Amino acid sequence: MGQTVTTPLSLTLGHWKDVERIAHNQSVDVKKRRWVTFCSAEWPTFNVGWPRDGTFNRDLITQVKIKVFSPGPHGHPDQVPYIVTWEALAFDPPPWVKPFVHPKPPPPLPPSAPSLPLEPPRSTPPRSSLYPALTPSLGAKPKPQVLSDSGGPLIDLLTEDPPPYRDPRPPPSDRDGNGGEATPAGEAPDPSPMASRLRGRREPPVADSTTSQAFPLRAGGNGQLQYWPFSSSDLYNWKNNNPSFSEDPGKLTALIESVLITHQPTWDDCQQLLGTLLTGEEKQRVLLEARKAVRGDDGRPTQLPNEVDAAFPLERPDWDYTTQAGRNHLVHYRQLLLAGLQNAGRSPTNLAKVKGITQGPNESPSAFLERLKEAYRRYTPYDPEDPGQETNVSMSFIWQSAPDIGRKLERLEDLKNKTLGDLVREAEKIFNKRETPEEREERIRRETEEKEERRRTEDEQKEKERDRRRHREMSKLLATVVSGQKQDRQGGERRRSQLDRDQCAYCKEKGHWAKDCPKKPRGPRGPRPQTSLLTLDDQGGQGQEPPPEPRITLKVGGQPVTFLVDTGAQHSVLTQNPGPLSDKSAWVQGATGGKRYRWTTDRKVHLATGKVTHSFLHVPDCPYPLLGRDLLTKLKAQIHFEGSGAQVMGPMGQPLQVLTLNIEDEHRLHETSKEPDVSLGSTWLSDFPQAWAETGGMGLAVRQAPLIIPLKATSTPVSIKQYPMSQEARLGIKPHIQRLLDQGILVPCQSPWNTPLLPVKKPGTNDYRPVQDLREVNKRVEDIHPTVPNPYNLLSGLPPSHQWYTVLDLKDAFFCLRLHPTSQPLFAFEWRDPEMGISGQLTWTRLPQGFKNSPTLFDEALHRDLADFRIQHPDLILLQYVDDLLLAATSELDCQQGTRALLQTLGNLGYRASAKKAQICQKQVKYLGYLLKEGQRWLTEARKETVMGQPTPKTPRQLREFLGTAGFCRLWIPGFAEMAAPLYPLTKTGTLFNWGPDQQKAYQEIKQALLTAPALGLPDLTKPFELFVDEKQGYAKGVLTQKLGPWRRPVAYLSKKLDPVAAGWPPCLRMVAAIAVLTKDAGKLTMGQPLVILAPHAVEALVKQPPDRWLSNARMTHYQALLLDTDRVQFGPVVALNPATLLPLPEEGLQHNCLDILAEAHGTRPDLTDQPLPDADHTWYTDGSSLLQEGQRKAGAAVTTETEVIWAKALPAGTSAQRAELIALTQALKMAEGKKLNVYTDSRYAFATAHIHGEIYRRRGLLTSEGKEIKNKDEILALLKALFLPKRLSIIHCPGHQKGHSAEARGNRMADQAARKAAITETPDTSTLLIENSSPYTSEHFHYTVTDIKDLTKLGAIYDKTKKYWVYQGKPVMPDQFTFELLDFLHQLTHLSFSKMKALLERSHSPYYMLNRDRTLKNITETCKACAQVNASKSAVKQGTRVRGHRPGTHWEIDFTEIKPGLYGYKYLLVFIDTFSGWIEAFPTKKETAKVVTKKLLEEIFPRFGMPQVLGTDNGPAFVSKVSQTVADLLGIDWKLHCAYRPQSSGQVERMNRTIKETLTKLTLATGSRDWVLLLPLALYRARNTPGPHGLTPYEILYGAPPPLVNFPDPDMTRVTNSPSLQAHLQALYLVQHEVWRPLAAAYQEQLDRPVVPHPYRVGDTVWVRRHQTKNLEPRWKGPYTVLLTTPTALKVDGIAAWIHAAHVKAADPGGGPSSRLTWRVQRSQNPLKIRLTREAP
């Protein structure tokens, strides 16, 4: 046991290469998939005994070959290569087939004493067993053999005998040499090793050598067959050691298959086996599938009961197993049983289950692969071991592996050629190299510390810089103040008037001095005030006073801070360092100037009204902390000025107290005061604490079981990463997450599902609420039918008699329903909170918001829970819309009692209502956006303000929002559909949004209608309804009313647009359609109550007897079923309606008969008839023909008499027969202009169009019922026009293809033959089409201007007075304006260039001469904006000159270039090139960053060549980085950035990049090495020693001599160190460098002095700028932009920060270039402050 079973099919698949080789020798090709299909599925149906696993039985192969080669329809030519190859394997077997192909046995010897009747010898069995079998050969009884360990199959599948098998080999010769003596017939061979193992305790049978045995029937010692049933231990072991059939059908099927092969059970044994291993239901399913597999004589499954019962009986059959027929029946039965097991065990395909298998965190790839394969076997019909399925299994293995493993597997090179084993090995490597959790935590900790350290260092540097800048500014400020004070003092001394000798210096009076002045105050001298810091040591200045009162002390961040109350300050200010500062800043303007200061992060502030978070301005220069208007507003402070000073009081006039408040309740501090709520007193809260969310906590529906969310069959888990979230938003939703975690609504989890969390800011506050994006989950969840009530008709169940209302809004309603644990992982999301130790996923244990089925599930649950309340209170009306409840009663007492009962019920059920939103026992409430009062409903003011506050729409989306909002109020707006008609076309996709006067008028009318919206009565279902209907221009309008005393009270205003078909009917029929449409809409409000229809037309007669020419049968039936329901719909008298109110007028309207009007409007021509005219001038026959000939549809039309052809013409290819009929009929009418004509046609289409449908099409605008344009529109219009040409006309329909000899038959045949002949023989002439398209460009529409006449006179054109147009070159001349319109339209269609359109027009042979065609065409093509944005443009900008250094090492160009493959991580090469000498330095790098650039500049270039003066680079990220630019500023380097996408600007280094790459490529090919880093020095050597433009190499320019190649220096350098030759060489080098450098510098300077032709663009020009990276269908040019600045080679335009090379722009002015510009002249005006600008042509 445990070894594999080898079958012929598996054997050939294992040696498939040999099979293909044998097939090629047979000159055929075979495919593996078709080989398996034919062997296992096709050939077993031939009814020749072919087993599903193949056989090498030559007789069976021959029989299958006969079936395949059968002539006629029963043959199978596609199977010929495969059966021929199989035959070659059996008749000429390769070595691996020979052991399975048995030679034919010799004829058997007659037995000496047979104990059983003998059967005639035969070479092969008539029927096959479960596996292919060969006839065993006869032989002597061999010695018992020991089971070898050869690894071969344990069961000989190529023999028919049951265990023990007979030896298939020929009998061995006798030991004594009696070779001719055979073994006695009575001896039987030993059992096979397998049989010995299974049945070792039983005696081996002694059977006749000529009798086939079927176990458990075995021949005993006396020659009688014995029966050996299954043992109980076998059945017990099989049942307990194998999974059930439902759990793993494949494994149990394999077990039963092996039992059927090895044990050869009888019918009873099979039943016992099935009854033991299968359940009753499984057994019935297997038997049913087995009976379905029974095939009839034709090889197809049969359903004949007798054949099915004979092959697979359900009752014990009377088969005799001692006969060959009985054994054949048993073999066939086992085959069918096995087929039934296989079919019954085939589970439905569920790929979602397979995709749900993912690799665990610590699961090895091998274990995961086994689970994946097991899922394929269990949930799909595919075998994962099949080579054809290896690709699918490999892709599943990659996609469903752990994320880190999957990502690395996806990046493997040559992935498509990797086998599954290769992927597993790679995954094992990745799995074994994973970092441990400890290592990961250590890495994260280390990265966090490094990040914090960097941030701390940056903050310290910023703080130091800020302090340094602040000290510098303070120093400047102090110096300014001190100098100013000194100047003031000195200036004051100079300005003081001189005192007289007896004048007092204090009071300026004469007669005494200052010391004796009586006015001078006396007393002890007070302490001298301290000198202010601003005055330093100035003795003459007055010091700064301490800050005056009022002051107030508040706690900020837990620390007390004393603030100066400053009502003039907009924001509150802190002076001390408050900790971390935010990135936001503000500009502060003070008396000494303006400066930018930063904001603090949010700080907790304790106010009198609570604790709030607030952000302060950090102004260190401010002398005192300020309490500004922002905090004073939150404080609600009151400042009183009294004699003792200012006092700061609270909002109630009391001293400020400190109150601590949760941050999540901060928004309540900003809420405006509301009117006192008299309806909800404390008694309601105290009497029902469990019913309110404020007192009862979170609700839980106790009667509802946890909900299970079913997924779609093909759904797979979706995982979307969390979107980036700002710190403010995260802190805002953090309290909500914490609250939900504390309540158990959120719990941590690990789930393959993940959707992002979106923080949404509440309007008017700084609070956030978490909203989960569940759109992807909603797509994968099964849809359920929504049962939420429609708010449109919900209030129809509220009678006007119930005028006391209670409205309750359930709080957190969805959270009242629990989720089943199996469905909770669907709604997982990411959340990290280091303070709480949460870093992972959270999910909901309650029904979440945002889930598409949440409203329906909650609505149904609440309906079930409130069913008892409705039964117990039948007098109350309870309406429910999801979580909004409305309770209505007839009196206040009933309303109070009902409300108490409802609150008690809600509390007991576990639901919680919001006390803040409750409206209890009131006569006026707001519900679902309506205002309910006294049995009427009004639009709320908030709803009106929402519509009125919307600005004029600018986009289709804004318009859709407006129409959606206004459409909610359409019941209050009479004729809303007609009013909004101009707006709806602009909402369609692909329509140009053109807001015109009509749209603005409709927009204003809708807003005005909302302001005057009336009150609508609530529908009273106990009274009948009246519907007043009117129709105007395809719009149905109506008002639904009910009588209130003698008046009619409106219930709803209805309006709707009719469909295109009904809109084309006569007015009377349009009224029928309008009534039907509005009756259907009114039914939503009337709930099937009686309805009386009043209209200005007597439509009841029309509905009962509708005209047959306008309405289809389906529409007629629909109208009659809807409007002739007398129990529900009745028609009132005809009334005239007021257009404003849609109510009847007091006077009667004009009466008319609708049937008479319809009879008059049935056709286009009143005298058109279908009866022949007796006095007709002509009687013609028309016909059109359309046929296929040689794959092409040809068409023709003809007009004939009975004997001759009047007109016949071939029509363009592809013309339909209907169109040809219309053309023929139209041609006949044209030729009979002014005459009397009888015309016959056999086309029902043409006849009906002329008599009936033409007028209908014309009225509805030639549109179909779907609103699309009808077919053959032009032909129908031409026919309708031609109907009026004959004087009198009769169009008669005649049957087609008549065979009689009447005049109609002969004429019809003549027309048919002529049309067919014209279609086949003639060439269609497209230039002479019958239908003349109406064109606006006709001579009668031409209007020539004065300029046109002047141009025509110069051309020499002639004016035709009769035809009233000019003629030139024999053609009518088209005016200039017409030419422009035509050419502009053609260009908009084609967007061709000037030359292409000119050539196209010249070849078109236009019947008109287009005036000024070329000039107009050129103007159109040059001013086309679309062409300017897309078409390429040739650059006319000449090359500029390149600036070079004046000596080596002063001017470098730098660039990064990428070199692949990047060995050892080196992917980039940083190249430096000296622009003076051309010397190159290149460094391999692993990254392309600014850090690498600065490192190489400071460590390599500076120590060797000195500090550069100029660096030139492109605009790469490494060069424009702040790091690079800062280093350049500190070192005094002029860093020049070249134009973007202009490699010529960095031409020297770009060319050197190419040289290096080419050299490295050659070196790698020559050396065979792939390490380009190793070969780089050789490439640099070549570049440094290549002569430049002046014949010198960079090495010679730098060192003054060629490089040494073969001269090696003496190892002892001490002898030459101070030798005269070395000194002379150095002196010569100095002289040579000067002789070389000076001419080079002069040559470079000469290039710079050479004048450069600048580009033609100037400041103020308008240009298009090339878009270098265009996306799909994006224009090539963007703009236009205005030029602001220019250089000889570049431009600076408005709107783009970078400079743009002149080659990347093109002119956007109409002239096509900068040369063609307008001239502006400046003139003075009478007003000195105004000038006049006039534009002149160049």
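We number each residue from 1, going along the chain as drawn.
The backbone N, Cα and C atoms fix where each Cβ goes, glycine too.
According to DSSP, W1065 (DNA binding site) is assigned to coil rather than to any helix or strand. According to Swiss-Prot, the DNA binding site annotation covers R943, R957, R960, F968, W1065, R1115, Q1189, S1216, Q1218, on the basis of similarity to another entry.
Taken from Swiss-Prot, the feature Mg(2+) 2 binding site covers D1183, D1312. Taken residue by residue with DSSP, D1312 (Mg(2+) 2 binding site) is part of a helix.
Taken from Swiss-Prot, the feature Mg(2+) 3 binding site applies to D1183, E1221, D1242. Classification of D1183 (Mg(2+) 2 binding site) by DSSP places it within a strand. The Cβ of D1183 (Mg(2+) 2 binding site) has 31 other Cβ atoms within 10 Å, all protein chains considered.
Per Swiss-Prot, domain 'Peptidase A2' is recorded for 560-631, and the stated evidence type is sequence analysis.
Model confidence over the domain 'Reverse transcriptase' (741-932) is summarised by a mean pLDDT of 88. Swiss-Prot lists 741-932 with the feature domain 'Reverse transcriptase', giving sequence analysis as the kind of evidence.
Per Swiss-Prot, domain 'RNase H type-1' is recorded for 1174-1320.
As annotated by Swiss-Prot, domain 'Integrase catalytic' applies to 1444-1602, with the evidence given as sequence analysis.
What Swiss-Prot lists as motif 'PPXY motif' is 162-165.
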Please work out the helix, strand and coil residue numbers for the domain 'RNase H type-1' (1174-1320) from the DSSP assignment.
59 helix, 42 strand, 46 coil
In the structure shown, which of the binding-site residues Q1189, Q1218 has the fewest other Cβ atoms within 10 Å?
Q1189
Cβ-based neighbourhood (8 Å from the centroid) of the Mg(2+) 3 site, residues D1183, E1221, D1242 excluded:
T1182, G1184, A1220, A1224, T1241, S1243, A1246, G1296, N1308, A1311, D1312, A1315
Report the nearest neighbour of D1242 (Mg(2+) 3 binding site) in space among the binding-site residues D1183, Q1189, Q1218, D1312, comparing Cα positions.
D1183
Going by Cα-Cα distance, which of the binding-site residues (D1183, E1221, D1312) sits nearest to Q1189 (DNA binding site)?
D1312
Which residues in the same chain, at least 6 apart in sequence, have a Cβ under 8 Å from the Cβ of E1221 (Mg(2+) 3 binding site)?
T1182, D1183, G1184, A1197, T1241, S1243, Y1245, A1246
Neighbour tally for R960 (DNA binding site), based on other Cβ positions within 10 Å of its Cβ:
16
Can you tell me how far the Cα of R943 (DNA binding site) sits from the Cα of D1312 (Mg(2+) 2 binding site), in Å?
69
Rounding to the nearest whole angstrom, report the longest C-alpha distance spanning R943, R957, R960, F968, W1065, R1115, Q1189, S1216, Q1218, listed for DNA.
68
Enter the number of other CB atoms within 10 angstroms of the CB of D1312 (Mg(2+) 2 binding site).
20
Integer Cα-Cα distance in angstrom, D1312 (Mg(2+) 2 binding site) to R960 (DNA binding site):
56
Taking 10 A as the limit, how many CB atoms besides its own sit near the CB of D1242 (Mg(2+) 3 binding site)?
21
